[in-house]
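Quick look at what TrEMBL annotates:
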type	residues	note
BINDING	HIS47, HIS135, HIS139	divalent metal cation binding site
Amino acid sequence: MNPTIKLYLYHQWANQKFFEHLKELPEELIDKKVESVFSSIKHVLVHMLMVDYGWLFAIKGIDVESIIESREERIEKLNKMSLEELETEYDEVMEDYKQFLEQLDDPHAKHTVHHRHFGTLETTYAELYSHIVNHGTYHRGNMTAMLRQMGHPGPSTDYVFYLYEVNK
């Protein structure tokens with residue numbers, strides 16, 4: 001299997017595990033204020049979703065400026081959503097990634113990203129997707145720490161647990 005597709009499947013699996021876990025906890029927990037990197041679990045979920053959307057647009061060659069222009073409006077809309085609605089948004093962006101990655105002939109093909117603050121980056125699709133997955137892993141760790149701070153365990157979403165599950 002294409003390693004980039006495998007990473008996509010892991011990222012999708014890990015996000016789904018987290019949503020399943022959150023749905024088992026009291027509903028108000030995602031909006032509960034905590035002292036952490038983000039003020040609530042919902043803010044982390046919205047941030048992760050916005051970054052996944054942003055990089056999807058970037059790998060598709062959509063101008064980063066157009067993403068930035070609609071950012072605040074999109075964040076405001078997402079912050080008003082329930083956990084189930086956010087999960088639906090995640091499912092949609094994951095489906096968009098799947099379609100893009102399945103049609104991509106060469107994940108190691110060069111791709112250029114232009115960003116007004118960071119400049120121009122010459123990279124590959126595979127490297128960008130590795131970043132997307134790594135970013136998600138980092139923030140799932142943030143949410144796990146936040147859950148523990150509120151007296152709840154987090155789900156096990158390490159890559160090795162994904163491998164064990166898919167190789168049963």
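Cβ from N, Cα, C; glycine included.
Unlike curated entries, TrEMBL annotations are predicted automatically.
Counting Cβ atoms from all protein chains shown, HIS135 (divalent metal cation binding site) has 16 others lying within 10 Å of its own Cβ. For HIS139 (divalent metal cation binding site), other Cβ atoms within 10 Å of its Cβ number 18. Over all protein chains present, the Cβ of HIS47 (divalent metal cation binding site) has 17 other Cβ atoms lying within 10 Å.
Listed in sequence order, the residues VAL44, MET48, VAL51, GLY136, TYR138, ASN142 complete the 8 Å Cβ shell around the divalent metal cation site centroid, once HIS47, HIS135, HIS139 themselves are left out.
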